[in-house]
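Swiss-Prot annotations:
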- 3-79: domain 'SH3' (DOMAIN)
- 80-109: region 'Disordered' (REGION)
- 113-301: domain 'Rho-GAP' (DOMAIN)
- Ser154: phosphoserine (MOD_RES)
- Ser279: phosphoserine (MOD_RES)
- 333-428: domain 'SH2 1' (DOMAIN)
- Tyr467: phosphotyrosine (MOD_RES)
- Tyr580: phosphotyrosine (MOD_RES)
- Ser608: phosphoserine (MOD_RES)
- 624-718: domain 'SH2 2' (DOMAIN)
Amino acid sequence: MSAEGYQYRALYDYKKEREEDIDLHLGDILTVNKGSLVALGFSDGQEARPEDIGWLNGYNETTGERGDFPGTYVEYIGRKRISPPTPKPRPPRPLPVAPGSSKTEADTEQPVLTLPDLAEQFAPPDVAPPLLIKLLEAIEKKGLECSTLYRTQSSSNPAELRQLLDCDPPSVDLDVFDEHVLADAFKRYLADLPNPVIPVAVYNEMMSLAQEVPSSEDYIQLLKKLIRSPNIPHQYWLTLQYLLKHFFKLSQASSKNLLNARALSEIFSHVLFRFPAASSDNTEHLIKAVELLISAEWSERQPAPALPPKPPKPTSIANNSMNNNMSLQDAEWYWGDISREEVNEKLRDTADGTFLVRDASTKMHGDYTLTLRKGGNNKLIKIFHRDGKYGFSDPLTFNSVVELINHYRNESLAQYNPKLDVKLLYPVSKYQQDQVVKEDNIEAVGKKLHEYNTQFQEKSREYDRLYEEYTRTSQEIQMKRTAIEAFNDTIKIFEEQCHPQERYSKDYIEKFKREGNEKEIQRIMHNHDKLKSRISEIIDSRRRLEEDLKKQAAEYREIDKRMNSIKPDLIQLRKTRDQYLMWLTQKGVRQKKLNEWLGNENTEDQYSLVDDDEDLPHHDEKTWNVGSSNRNKAENLLRGKRDGTFLVRESSKQGCYACSVVVDGEVKHCVINKTATGYGFAEPYNLYSSLKELVLHYQHTSLVQHNDSLNVTLAYPVYAQQRR
């Protein structure tokens, strides 16, 4: 048995973002069952415009995966007869039975039963039927963020659903059912009502209103008035209101469940109206009516803001956040030069409006990045700096980053971008981070440092091995895809040769038969068989290569999955290790001892092994502090010096200093922050009471922990060599 479907070709690579998605690679062929599009309310002809459909569910013939993929990433090829999938099929949404029509085959086996009329199921002050309330509460509890809710049919048969609906509401335990069974039971409930929630009696008047009233707001008010007519029991209006509240809650989570007002109206309009067969125009009017009702519910019920995470200690907004004269380094929400991965970790599972600021990854002087939580995702906003002014876009009007942030703590960012209708509510404070180190003596902390460093090194080696395998597999897959394309071209050429040869061979065989030339007939047959055999060999080779490619693609996805699972552990282990290392450094532990715990064998730096560092030139600030010098002068002073030669100067960034150091024969520059907690290169390392203390620490500690390109210590003060 086969069904009708559509074929699409991937135009771009797509890496899946959700569990139900599938990966796409350029050129992949995908098949979508026609029934799945019909179930979502799409009509014939729309399949040719996948970008208008949005997300499609189908089968990737290249990789053998089934799941969702974006319509904007594919192009339509044509129709195809397909076999329905055998493992856990995803059937199209069943259509409701129109009044007066015969039941489906599945339903003929069941007794024709309906629920009591809504007017008989409850009465005010109740707001809806008890069973309906219990069903929707369970669905909202379990499946509010489920991306397949109301789109995927459960495995329960009609008899089981009917049995669930016939239960006594107070006694039934809905926790034993998953969200898809509950969703099917809800749909079955609406379908089994003797009359639809929006009565048939208002259908004709409603269609007239749709054509006569152009204003959406006026139409909604008249539609509500129509449904609340004295001729219709009040329970119908109360039930509709309760359903709209449910749809409103679902649409609030549409970034995760994909159920916006339009999608919900397409799914439920037919069962809310349950009208006789109508034209497509009328159907669209009814879908639009439900969409407007849900949207009106949205506008009438603005959601309360999410509660912020409770901070360890209260912070006074008046004293802290709203002080425009505060230095940027002292702002609790400014984290300096931290990575995007660390930002994502700090903002994970936080409320909308949570934010922090870091240095821009472009490293342009004075540019920063605001990361803001909105709609469950992180939004990155560039803060530009030009001519002493700051802002998100031209014209730049704020005198400082602090003033900019304070402004948007009171005003919505919708002023800047209409899609960012949120304020900067909850700063991620660098002063309120959890204390990682729990041990209370140096030896115990050192042992823990050794354990975490060992785990970090093992994870790093595993990640590096997987990355090499990932790169190699990616290259091999690309080569095999190229080879398959070459096979396809070759087969096409041979087949083009085969067709005319068959025609000519047939003519010549007839001719030689008449002449009795058996030898020529045998030669023609032999050549024809040889060509056919060659085509078969090429097709077999292509098939084997396609099987290899399919296996390797599965391996490739598995490697990628393992890499993604390791990466968060790697980041967390590094952060924990660095916290222990920082704690020991603050306690004055010597680098030699730290190297033992870290397992560092390279301890040949002439300063790192000196037991008594009193003779170090670093103690004399005049050997490295050059005062108000600029970048060009610093580079001239350090040009030609050996790696590790350094100086410290005042930075063009107000209130900060800059360290210039020779690395791999080049002069590099990095900012030294001056904050309320001390000097340092980045949070949470701004803890040195003076520049001298910072220089002495990094005399034996590499700067690589702050910047991968700075694998060097502050070994040689620029003027120390001249004084020897």
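Here the Cβ of each residue, glycine as well, is placed from N, Cα and C on the backbone.
In the three-state DSSP reading, Tyr467 (phosphotyrosine) counts as helix. Across the domain 'SH3' (3-79), DSSP helix (H, G, I), strand (E, B) and coil residues number 16 helix, 34 strand, 27 coil. Taken residue by residue with DSSP, Tyr580 (phosphotyrosine) is part of a helix. Around the Cβ of Tyr580 (phosphotyrosine), a 10 Å sphere holds 22 further Cβ atoms from the protein chains shown.
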